[in-house]
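Visitor: The structure under discussion is supplied below as structure tokens; questions concerning it will follow.
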Amino acid sequence: MAAASGVRRIKLGSQGLEVSAQGLGCMGLSIFDGTTKVETDLIALIHHAINSGITLLDTSDIYGPETNELLLGQALKDGMREKVELATKFGLLLKDQKLGYRGDPAYVRAACEASLRRLGVSCIDLYYQHRIDTTVPIEVTIGELKKLVEEGKIKYIGLSEACASTIRRAHAVHPLTAVQLEWSLWSRDVEEDIIPTCRELGIGIVAYSPLGLGFFAAGPKFIESMDNGDYRKGLPRFQQENLDHNKILYEKVNAMAEKKSCTPAQLALAWVHHQGNDVCPIPGTSKIKNLNQNIGALSVKLSIEEMAELDAMGHPDSVKGERSATYIVTYKNSETPPLSSWTS
């Protein structure tokens, strides 16, 4: 396993935000795997991340819901807030066990103010629209976010799971700092259009699920040890008919990792890091051991030939099954109506 060393800093986007080259995705600290966690242990993990140089912390008001922001609010007391870049999200809601989406101005403002209270901060560094509300022109949503920037409640604006045309329309209203998307060895469709668009416009790229929701960390057998409440059990790629095919990719990555004296998780994460200095992956974990391992991925060096080998491993035919549940909005269905259609 590659050892953890210093975490370098990168410029995320072209609007002035500087972050650690790797962030911490905090979703799993509060939700979605069905296990019970101890708050003091989670706060200790967050502090360990910050003290190790991982300063971009990523949360959302839907995680918990709300409890993840409250957890970070506790963790960032006593001077810790000044050491981090704090990112949260709005726009994805859970009501009566059903997902909903809102991007209207009144909701944007109310969601921001509620997040500020839960986090115990006066300003959010990076505020994303978590999923696009396809009933509201993106210009309207970004227009309200622009007001929040002007009022000092948020510093930078981002989108998550947005298509290239929506990104362009949003960026024309107020410059975007980052777009968050799923990017890993087994989720590469964003390379066709979204990544080039972000780079053309000077928008930073934040890669979530860079380890394939744990697939590259533990291999295909980890599905057997998942708690019954773990949402990943229901995802298409983890169904047995697809897993039998997908495990071949893991085996290839594992074999290459052994040659490089690192773990498959570190190799998969290093592949994301090597995509460019405009990319910040945000792997999540609730274990300090895994956090240290993820930081160690920054020390894994890949040659042009090794990157080409990994690219070949992760070709589209190497993976079977959709990456997310069919009921969740992704960039593939994130177009919004024209601004001319909006009546407030």
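Glycine too: its Cβ is placed from the backbone N, Cα and C atoms.
I grabbed these lines from Swiss-Prot:
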| type | residues | note |
| --- | --- | --- |
| ACT_SITE | Tyr63 | active site, proton donor |
| BINDING | His130 | substrate binding site |
| BINDING | Ser209, Pro210, Leu211, Gly212, Leu213, Gly214, Phe215, Phe216, Ala217, Ala218, Gly219 | NADP(+) binding site |
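For each listed feature, how buried is it and what is near it?
Guide: Same-chain residues at least 6 positions away in sequence with a Cβ under 8 Å from that of Tyr63 (active site, proton donor) are, in sequence order, Cys26, Met27, Leu29, Ser30, Ile31, Glu69.
All protein chains shown were included, and the count of other CB atoms within 10 Å of the CB of His130 (substrate binding site) stands at 23.
According to DSSP, Phe215 (NADP(+) binding site) is assigned to a helical segment. Around the Cβ of Phe215 (NADP(+) binding site), 28 further Cβ atoms fall within 10 Å across all displayed protein chains.
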Visitor: If I take the alpha carbons of Ser209 (NADP(+) binding site) and His130 (substrate binding site), what is the distance between them in whole Å?
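Guide: Computed Cα spacing between Ser209 (NADP(+) binding site) and His130 (substrate binding site) is 15 Å.
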Visitor: If one measures from the C-alpha of Leu213 (NADP(+) binding site) to the C-alpha of His130 (substrate binding site), what distance in angstrom results, rounded to a whole number?
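Guide: Taking the Cα atoms only, Leu213 (NADP(+) binding site) lies 18 Å from His130 (substrate binding site).
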Visitor: Rank the binding-site residues Leu211, Leu213, Ala217 by the number of other Cβ atoms within 10 Å of each Cβ, and give the residue at the low end.
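Guide: Sparsest of the binding-site residues Leu211, Leu213, Ala217 by Cβ contacts within 10 Å: Ala217.
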Visitor: Measuring Cα to Cα, how many Å separate Ala217 (NADP(+) binding site) from His130 (substrate binding site)?
Guide: 25
